[in-house]
Amino acid sequence: MSLTYDPSETIYPFPQKPVPLSEQEKLTHVEKIKALLKEKDAVLVAHYYTDPEIQALAEETGGFVGDSLEMARFGNQHSAKTLIICGVRFMGESAKILTPEKNVLMPTLEAECSLDLGCPADKFSEFCDAHPDHTVVVYANTSAAVKARADWVVTSSIALEIVEHLDSEGKDIIWGPDRHLGAYIQKNTGAEMLLWQGECVVHDEFSAKALRDMKALYPDAAVLVHPESPASVVALADAVGSTSQLIKAAKELPNTKLIVATDKGIFFKMQQMVPDKELVEAPTAGAGATCRSCAHCPWMAMNGLKAIESALVEGGEKHEIFVDEALRVKSLIPLNRMLNFAAELQLKVKGNA
């Protein structure tokens, strides 16, 4: 299936890296952030892929570190009036969709996601309109507008079960936006699926050849892979799953050395769970200066201490997430379909990334 618009051929301009802070500057920002969180009745909610110092601060101040859906759920259930979402834009939108009555702020609204950027709502809607007999299933790593166009919103932890269910009902499926995850699901379910050709700039860079070479160096190591990675990389995995599932696998596998093919931001929480195990970054297609993301999302890196402080001090249009109410209500329908399906199966739904 070819697309007139092929996001897999797009080269995304990466944001500039934040200016490094001195240790004294870090301490000053941390103390100010702690005071502002109390003053503003706010809580820090951080994704696994943010920098370790951000995750540590979230935990230290009574906030939360988790995957995208867990973040939105935590914000929904916490008593704070203001949520500081440290992640990428769709995560802030997800929090607002589930908790419209709260102020949802982000360190920067320019923290994008290549899966979201690669799936513009207008182009995706045209694709769906061209196949009106297909059920539209989208990954949670999408904008509110794309979610609103879908029949189902899924996370990687339950995508297989939902697609199997739809396939058993004889449904043909449009899947978006991640082509690698879509191909993984298609292979494991045998479902008829039209795949949107988006990709995560981090996971797309992992190299099967380099991973095989690394495995030869560490034959006793287990390989943990996120399913947004290319099929050739997934084929080498001892465990495949979302961020939360990979952390769980790290605990359960007997291996003392783990090669991890996902954003290296996950090492902070994973190492907490397995302090006696050695974690090794899986190799990317490039090495050193020749890789682009180098196993760390450039937009996640924008969630720095200075930016968090600015969000708490300034708020407003530079930091606050707004979702059109009609769009919010419409996007809740496919999201609730997933949650209700999970409840019937008594599955605990985890997020994606």
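From the backbone N, Cα and C atoms, a Cβ is placed for every residue, glycine too.
Of the residues HIS29, HIS47, HIS296, Swiss-Prot places HIS47 in the same iminosuccinate site as SER68, TYR139, ALA140, ASN141, SER156, HIS226, PRO227, GLU228, THR243. If you compare Cα positions, HIS226 (iminosuccinate binding site) sits closest to CYS200 out of the binding-site residues CYS113, CYS200, CYS297.
Taking the Cβ of CYS113 ([4Fe-4S] cluster binding site) as centre and 10 Å as the limit, one finds 27 other Cβ atoms among all the protein chains shown.
In the shown protein chains, 29 other C-beta atoms lie within 10 A of the C-beta of HIS47 (iminosuccinate binding site).
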